[in-house]
């Protein structure tokens, strides 16, 4: 029986062609293969990967395998899988469980499958959003007697998660506890997952070391900002074919993702307004030339609404009922609770096409909801370009190597890769875009207190 679940394995040839192109745009990952391939630093690592199953992720998976790892993979979002990418990886012999448009029940079943190594126990997690880590740690707590944790689900997602935990406990008593003990470490890709890790550590519930990949400069200041700058408008266009020039767009949040999103919409000609709770980010938005407003003041007039905050209930039902006819509502934060989609379930829904729904309000006005409030750049398009993802995923590879080869040196907690590796990741991507670095003279380096080779900035420097 085939150890994979994909939409159509016949898509593998198409996926391989796109994967080959992506490799030419991902110099960091290819450099990792060249540098570390001979030494096989991940030999013995059994990595459970939960991250969007895209063409770019396929290059990451094959890099991890080239460095000696055994890998099983699922997507971290029900809409983000590129089916031809999943097929290419499955055809190459990697167990992958990912289908674009999978149900929430299937999502958690597939998350369970990435831990089911036929030989040996999973000992590493590569996570995006923290669901794989959550699954193991929550299950272990329930096995320890905290059954109240899964007694009262508050969402459809929790219903499916809790049912999957119960199913695994019946099939394999004690499995979660054994699995938790075997994990040497986790590397986390995104802001939301990092928040979860810090919260777990604060509560004394993180039993192994974790590397916060998101806050590597070459991730958050590039993937989050420049990636969103290209992929947000791509998703809106593919979903709606609407002309954005002249439209009023509201971006909720002005962190790195919000900055990239606002720039994306401005570049398309939209008149962009920003909402913020943080006075520093609000001041940045204003000085970048955006009008900073509260949502209630613009909700009736704007054409496009995008959430980027990582928080819950940012756009609520009362906001959507005030929106103009055919307003577009979407999210580019990791989870689907930034928009109160559950509150819309009793309204009239008309599916326009995959991941595009028209919802009628009691007033008769309609809104266009993208990807059911999940990541629209991956649900309605194909996510960030390969080049920027190369920087993010090179950090992931380095984090996995660090945890696997030096895990004994780390106590449970959340760590960041050293500045020297951050600069290395950036350096690996310069030649591809024709960048030439100036070299400090020894006297200049001494004058500013650094070495000629770097690192060039202190750990507290804010890029």
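Numbering starts at 1 and runs along the chain as displayed.
Quick reminder: no glycine exception, Cβ is built from N, Cα and C everywhere.
As the structure is a computational prediction, the values presented were derived from the model and not from experiment.
Site annotation (Swiss-Prot, ligand substrate) includes 54, 189, 219, 223; from 112, 128, 131, 278, the additional listed residue is 128. For the pair residue 255 (NAD(+) binding site) and residue 54 (substrate binding site), the C-alpha distance works out to 25 angstrom. Neighbour counts were taken at the CB atom with a 10 A radius for the binding-site residues 219, 334; the maximum falls on 219. By the criterion of other Cβ atoms within 10 Å of the residue's own Cβ, the least surrounded of the binding-site residues 128, 189, 223, 276 is 276. Residue 128 (substrate binding site) has its Cα within 10 Å of the Cα of these binding-site residues: 192, taken from 192, 253, 276.
Over all protein chains present, the Cβ of residue 257 (NAD(+) binding site) has 28 other Cβ atoms lying within 10 Å.
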